[in-house]
Amino acid sequence: MGSQEHWNLENGGDTMDMMSGKDHKPIGLTAQIISSSLLRTKSDPILVSKVRFGMLRQVLTNLQEVILGTKLFVLFPAIPLAIVADYCNFGKAWIFALSLLGLTPLAERVSFLTEQIAYFTGPTVGGLLNATCGNATELIIAIFALRQNKISVVKNSLLGSILSNLLLVLGTSLLFGGLANLNKEQKFDRKQADVNLLLLLLGLLCHVLPLVFGYAVKPDSTTADSVLELSRASSILMLVTYCAYLFFQLKSHRQLFESEEESEDGDNELSQEKAVIGFWSAFIWLIGMTITIAILSEYIVASIEAASDSWGISVSFISIILLPIVGNAAEHAGAIIFAFKNKLDISLGVALGSGSQISMFVIPFSVVVAWIMGIPMDLNFSLLETSCVLFAVIITAFTLQDGTSHYMKGVVLSLSYTVIAACFFVQKFPPNQTTVPNLGVHSPSGTLAV
């Protein structure tokens, strides 16, 4: 028996799979998986292997791989501190800040655990699982905000994720990548970028139509219902389109989305990796991580207004700027690091892939969930928010149109995000108001804003 198989069998690997001789082939390395892997650390199995009791050895192995297997493990203490702060009735601002910090390593660990499960399920199911859980943090926060009827927080946090990916992540990647490779020609494959931009444009159309509809017709008591019906119908069509996109990505045109790094024989070790924990161990850890994210998400939603008052900044700025930056910090860091290495295809895959997933899956799914819950959430993100998404998509499309990059493109994208952030920083609308007054635009509750 080889040393690797012996280690997996002795230390928490899936014993039944080993006995059956099942070969766990590595999954297709998408940009998100490769990006997140940069924040992982190699664990040393020597100390754990000396533990005599098999069950204890398995538990310690899982703890070592899951908790200490990321460079972000120093942020894990924020999770119990947030729970203690809530139990002891500390200030809401402290609870909010600690919960935000605790979400950062959890988001990266969910990506790791879905990757581990994918080694056992195969590339198609694994890719589907990774695509579904890729933005689990945003989705869970949205569901808890809907439970508390905070529609504006849901809309703003999801819109902020799109803006963050298209302008901040992509912009800083192109900026630092261009500065680090001044003497090298920077090129990327436009095929994957074009597909994601098409999805973003379709999502933008579904957001613009409810807004334009509110201006095009005479405002009355039935207009809000019509906008809501249009939003729900559009959300269903967006989900159908996203399913078609998954088939396109995972089956028919899979080669467009797999990183070229997977085919290189150089220093890329990811394509040779195997599962480090068993299937059921990864599944149980994934459930535990999801429950923990849910707890922290509930803290965040419940304390966001108090944090806004304590820090003196608007709820819009917190939900549009701060939440997306913290929730996707792991992938963001990986995208920038790969841009330094002049591997822009991976950086673009992270930024555009996550942005299109939020637009075409998380947002319409939230509308459908709100529909089931009896909450009138629509796709009308109001004039200001929709305009920001519109210009973000247009600027990104023009930036990527020629298949080349330099640091000046990163400067433009980064400054565009800075201007938008400044806009929402000075915005002082009440937390429950998502539209500009006196324009006849409808609020989420179904009444006219006057």
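Cβ atoms are placed via backbone N, Cα and C, with glycine included.
The model shown is predicted, which means the values in this text are computed figures rather than measured ones.
Now, the feature entries from TrEMBL:
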TRANSMEM  66-87  transmembrane segment
TRANSMEM  93-113  transmembrane segment
DOMAIN    93-250  domain 'Sodium/calcium exchanger membrane region'
TRANSMEM  125-146  transmembrane segment
TRANSMEM  158-183  transmembrane segment
TRANSMEM  195-217  transmembrane segment
TRANSMEM  229-248  transmembrane segment
TRANSMEM  277-301  transmembrane segment
DOMAIN    282-425  domain 'Sodium/calcium exchanger membrane region'
TRANSMEM  313-338  transmembrane segment
TRANSMEM  350-373  transmembrane segment
TRANSMEM  379-400  transmembrane segment
TRANSMEM  407-427  transmembrane segment
Paired segments the transmembrane segment (350-373) and the transmembrane segment (195-217) in contact, 3+ CB pairs under 8 A:
yes
Checking distant contacts: for the transmembrane segment (195-217), what same-chain residues at least six beyond its ends satisfy Cβ-Cβ under 8 A?
162, 166, 223, 226-227, 230-231, 234-235, 237-238, 241-242, 245, 248, 256, 352-353, 355-356, 359-360, 363-364, 378-383, 386, 389-390, 393, 396-397, 400, 439-442
Run through the domain 'Sodium/calcium exchanger membrane region' (282-425) and tell me, per DSSP, how many residues are helix, strand and coil.
121 helix, 2 strand, 21 coil
Range from 66-87, 379-400, 407-427 with most C-beta pairs under 8 A to the transmembrane segment (229-248):
379-400
Residue list, the transmembrane segment (66-87) vs rest of chain: Cβ under 8 Å, 6 or more residues beyond ends.
39-41, 43, 94-95, 98-99, 101-102, 104-106, 108-109, 112-113, 276-277, 285, 292, 295-296, 299, 330
